[in-house]
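S.K.: After the structure tokens below, expect a handful of questions from me.
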Amino acid sequence: SELSTSFYANTCPDFPQIARSVIRFEVANDSRSSASILKLHFRDCFAQGCDGSLLPQVGKERGDGRSTKGLKIINNIKRAVETSCPETVSCADILALSARESVIALGGPSWTVEFGRRDNPSSASVAAAVDAIPSPNLTATQLIESFQKRGLSKRDLVALSGGHSIGQAQCSTFSARLFNGTAGDSIDPALKSRLEKTCPPTALNRLNNLDPSPTTFDNLYFRAVQANQSLLFSDQQLLQSDLAGFVREFADNQKAFFTAFANGMIKMGRLSPLTGGHGEIRASC
């Protein structure tokens, strides 16, 4: 209730434009930047609420994963914002706005971003960081439980899974489907045959597109799910239980998907923020 769309109207009116400019520059140079930032926003909110607590932990992660790349961009925006409005805008709010701008940059929907989050002075635990995003090996039942635990509905689950419309995944995230077999799994035989060649056990870091149009935010992801052509086991699980109706709706109607995704992002952005006198405004994310 303390979040507001006009929170920075007087204290940092240039904040939205600053973030938008940086995001557009980054996405123009590397379209994968959008998926990096969107995933980082998901991870932060799912860890222990949208409070920026995951960002310091991501900074400690090794390698150049999507979250690490996203953090670098968020820090670039933070430096620009600090120049214009010192000690005013939280990293949590920068991340929330950047997620929207990243989706828009690849043709996706817009939504109203509320501001007023403050940063948690304590970083998320390693365990929270690991558990921040549902595993790609979860069943439909486990996915539903994970989202409902955070106050998100089955419709939100399917719509927000559509974030996989952009970006890529390492072979390691779905190799078990290719070589070990997973109970209750279904995967298009032609896709399986192709992936067995492009994802041998010796190349588990190799990247593959999550959907047929990884640089455009659209509803082709849901059509791939319908055709059993999802890379991730968890994505294919959306055809199970009573989730399949939402998949069918979004595959047939991109406008319905965009509306549901936007609503889901607004709801997720309200997960346990620190506001008012709680938390802090970090100088660096």
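Numbers run from 1 along the shown chain.
Just so it is clear, glycine is given a Cβ too, placed from its N, Cα and C backbone atoms.
Under the heading domain 'Plant heme peroxidase family profile', TrEMBL lists 2-285. Here TrEMBL flags Cys12-Cys85, Cys45-Cys50, Cys91-Cys285, Cys171-Cys199 as disulfide bond. TrEMBL lists Asp44, Gly49, Asp51, Ser53 with the feature Ca(2+) 1 binding site. What TrEMBL lists as substrate binding site is Pro134. Under the heading heme b binding site, TrEMBL lists His164. Residues or ranges marked as Ca(2+) 2 binding site in TrEMBL: Asp211, Asp218.
Would you situate these features in the structure and describe their surroundings?
M.R.: Per-residue pLDDT, averaged over the domain 'Plant heme peroxidase family profile' (2-285), rounds to 93.
Within the same chain, residues at least 6 positions away in sequence whose Cβ sits under 8 Å from that of Cys50 (disulfide bond) are His41, Asp44, Ala92, Leu95, Ala96, Arg117, Met268, Gly269, Arg270, Leu271, Ser272, Pro273.
There are 22 other CB atoms within 10 A of the CB of Cys285 (disulfide bond), with all protein chains counted.
Sequence-distant neighbours of Pro134 (substrate binding site) (same chain, 6+ residues apart, CB-CB distance under 8 A): Phe46, Gln142, Leu143, Ser146, Phe147, Ser234.
Long-range neighbours of His164 (heme b binding site) (same chain, six or more residues apart, CB within less than 8 Å of its CB): Leu210, Asp211, Tyr221, Leu232, Asp235.
There are 20 other CB atoms within 10 A of the CB of Cys171 (disulfide bond), with all protein chains counted.
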S.K.: Among the disulfide-bonded residues listed here, Cys91, Cys199, whose Cβ has the fewest other Cβ atoms inside 10 Å?
M.R.: Cys199
S.K.: Write down the Cα-Cα distance for Cys199 (disulfide bond) and Cys45 (disulfide bond), rounded and given in Å.
M.R.: 31
S.K.: Spatially, which candidate from the recorded positions Gly49, Ser53, Cys85, Cys171, Cys285 is nearest to Asp218 (Ca(2+) 2 binding site), comparing Cα atoms?
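M.R.: So, spelling it out, the nearest of the recorded positions is Cys171.
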